[in-house]
């Protein structure tokens with residue numbers, strides 16, 4: 001008997017759905033996209049309505065054959081891919097490649113993988129939504145054209161391997177402009193006067209807030225002398241309460257999670273990147289734990305509202321279950337699913353899943369579960385108290401916070417109390433300490449994943465499905481680095497490319513233009529606009545400008561390479577230039593004809609990766625050109641050199657390289673210290689090469705299986721294949737059978753196809 005074939009895009013999703021369907025259904029996975037634009041060429045006929053040419057990628061051919069075979073025998077095919085533009089497009093491509101007619105192929109959608117949702121979807125099949133398909137197709141073609149036309153220009157005028165993209169270039173501009181704000185920021189010193197007081201053996205603190213009844217502004221106390229004068233004036237005086245103000249505050253719970261809100265909160269509370277958050281959320285969705293994770297809606301299903309109230313009443317009592325709260329979003333939600341991110345069953349607590357979820361999944365589920373329940377709980381009732389304590393002409397402000405009813409804070413953002421003692425106006429209070437504290441104004445902080453996502457959302461740049469991939473792209477392609485605090489810092493090439501695009505292709509990095517293009521895509525998805533004419537309106541002037549600038553732009557102007565002055569020792573001119581790994585300085589010119597004549601390149605030296613080409617001085621350049629420096633020789637007579645490279649300062653002995661730790665300058669490090677650092681570095685490398693454990697023989701390859709600690713964490717190896725040990729697992733506890741299974745899976749996994757050049761061209 002023929003079965004109904006259900007096709008989804010992920011094997012995990014297929015496995016979960018199979019549990020809810022009977023023997024009359026067969027569930028298969030497409031393993032993502034089954035067709036795409038070709039990797040080796042544009043694949044878009046711009047002269048004939050932007051007609052795309054689609055190909056089946058090599059990795060998908062096996063899965064397509066399996067789907068075709070199953071579809072032949074099926075009485076009906078249900079396309080159950082995700083409920084957004086990307087999912088609709090995957091469903092359309094599957095229908096096209098399987099040559100399904102409308103009578104046989106039906107589309108079903110759901111925003112959670114539960115029996116109730118699947119049963120409901122099966123009773124409401126629909127036709128493919130071609131408006132959504134066209135919106136996805138327009139975005140794909142638009143990004144392909146921008147990438148394939150702009151990237152070669154960047155390769156010629158800036159550096160090989162660079163790419164530009166409709167959304168990524170705007171995100172890079174945000175990061176670059178924030179860094180420039182920081183560079184231009186003027187740091188000011190200021191002081192505060194902090195007081196510690198006591199009443200009835202209860203200590204409380206405050207800050208000087210008024211002098212002679214006038215409010216003290218942040219920068220009013222400018223230096224130590226002014227601060228010390230105030231502290232001296234308060235020596236030995238008596239303090240008393242001069243004012244008390246109490247305010248009742250009713251604090252509403254936060255709204256349900258949208259994609260951006262989840263990424264922001266997971267970054268702030270859990271330290272997760274946008275990409276990490278979405279990867280974990282995808283796993284939780286596909287295993288039926290949470291609803292669909294790409295959404296800009298704050299709506300919650302009626303079913304969930306009732307279940308949440310029942311759980312709250314049973315768990316916390318009637319005062320925490322005072323009725324369902326509904327939330328409406330003012331966004332159209334044309335692209336995304338129409339419900340917020342929430343647990344599929346509020347009665348499934350995080351604790352009950354502790355053994356089933358890995359640590360990252362557990363933390364994210366806990367966050368989603370708590371936030372979702374909090375949205376259905378009553379307000380927290382607080383009392384905020386403001387007390388002024390005065391002496392002579394000075395007034396200190398002391399603030400307290402008391403929680404009368406925790407409400408939603410019972411499960412989310414625990415109530416923080418700061419209690420003051422019982423006080424009345426006129427009460428004397430003891431001064432325990434009055435001290436001056438130095439501060440400096442701080443520049444605007446660098447963007448983190450959370451703040452960049454928030455800013456992109458505010459500007460209308462990107463959509464829920466693109467925030468995380470955009471951040472990953474600008475980091476992977478070398479436009480942005482993460483600093484020691486995981487904040488986003490632009491590289492020199494990011495500044496060069498941003499300036500080039502702003503001057504010569506302003507629309508590509510214009511915030512309003514990018515937001516307008518996103519709105520156009522939304523209009524196509526809603527059927528309010530045709531995709532090809534909208535694309536033509538953008539492409540024609542863009543293509544003309546690329547053609548013009550490819551011929552007229554000069555590389556030297558783009559890179560801002562310039563002379564810093566003359567080297568007094570050699571009499572040669574010193575230049576600052578931009579290279580593959582960042583800015584560098586060069587002693588003397590080296591022109592195209594020198595390259596052709598195979599003249600040796602002049603001496604050059606790397607500058608720090610954060611060096612600004614516009615502000616590099618001749619003095620700094622000459623110091624950099626002092627390297628490499630030969631300090632002396634090792635015990636075996638090999639020369640020891642110091643230099644600065646792509647990853648910072650280092651020592652070189654023969655073919656051995658050892659990084660110079662912080663605190664050591666390559667220009668001044670002594671021979672004695674260098675020998676010691678080289679010895680310590682070699683010892684560290686030797687220890688890293690030693691196995692943590694030797695487990696036994698691999699039955700397939702006959703190699704010896706060892707556990708080792710590498711640059712990216714612990715792994716098992718048989719000498720040929722390396723397999724990473726799951727994060728959170730103690731490598732010393734890995735058994736031989738576990739190691740054999742890890743290596744077996746790694747050998748069976750499809751090989752990664754590295755096509756860097758092609759990828760760089762596709763925005």
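Note that Cβ sites are derived from N, Cα and C of the backbone, with glycine treated the same way.
Sequence annotations record features per position, and here TrEMBL assigns active site, O-(5'-phospho-DNA)-tyrosine intermediate to 292. Feature annotation from TrEMBL assigns compositional bias 'Basic and acidic residues' to 332-342. The annotation domain 'Toprim' is assigned in TrEMBL to 3-113. Annotated domain 'Topo IA-type catalytic' per TrEMBL: 129-547, in sequence order. Per TrEMBL, the feature region 'Interaction with DNA' maps to 163-168. What TrEMBL lists as region 'Disordered' is 332-355. The site 'Interaction with DNA' annotation in TrEMBL covers 33, 139, 140, 143, 148, 155, 294, 477.
Nearest by CA distance to residue 477 (site 'Interaction with DNA'), out of the recorded sites 33, 140, 143, 155, is 155.
Counting only same-chain residues at least 6 apart in sequence, those with a Cβ under 8 Å from the Cβ of residue 139 (site 'Interaction with DNA') are 85, 521. Using Cα positions, the member of the recorded sites 140, 143, 155 nearest to residue 294 (site 'Interaction with DNA') is identified as 140.
In three-state terms derived from DSSP, residue 294 (site 'Interaction with DNA') belongs to neither a helical nor a strand segment and is classed as coil.
Across the recorded sites listed here (33, 477), the residue whose Cβ sits among the most other Cβ atoms within 10 Å is 477. Counted within 10 Å of its Cβ, the other Cβ atoms near residue 143 (site 'Interaction with DNA') come to 18, all protein chains included. Candidate recorded sites: 140, 294. Fewest other C-beta atoms within 10 angstroms, 140. In space, 148 is the closest of the recorded positions 33, 143, 148, 292 to residue 155 (site 'Interaction with DNA'), judged by Cα positions.
Each residue contributes its Cα atom, and for residue 292 (active site, O-(5'-phospho-DNA)-tyrosine intermediate) and residue 33 (site 'Interaction with DNA') those atoms are 18 Å apart. With helix defined as DSSP H, G or I and strand as E or B, the region 'Interaction with DNA' (163-168) counts 1 helix, 0 strand, 5 coil. Residues in the domain 'Toprim' (3-113) partition by DSSP class (helix H, G, I; strand E, B; coil) as 37 helix, 23 strand, 51 coil. A separation of roughly 12 Å, to the nearest angstrom, links the Cα atoms of residue 148 (site 'Interaction with DNA') and residue 140 (site 'Interaction with DNA'). If you measure from the Cα atom of residue 143 (site 'Interaction with DNA') to that of residue 33 (site 'Interaction with DNA'), you get 17 Å.
Each of the recorded positions 148, 155, 292 was scored by the number of other CB atoms within 10 Å of its CB, and the largest score is that of 292. According to DSSP, residue 477 (site 'Interaction with DNA') is assigned to coil rather than to any helix or strand. Note: the Cα of residue 140 (site 'Interaction with DNA') and the Cα of residue 33 (site 'Interaction with DNA') are spaced 13 Å from each other.
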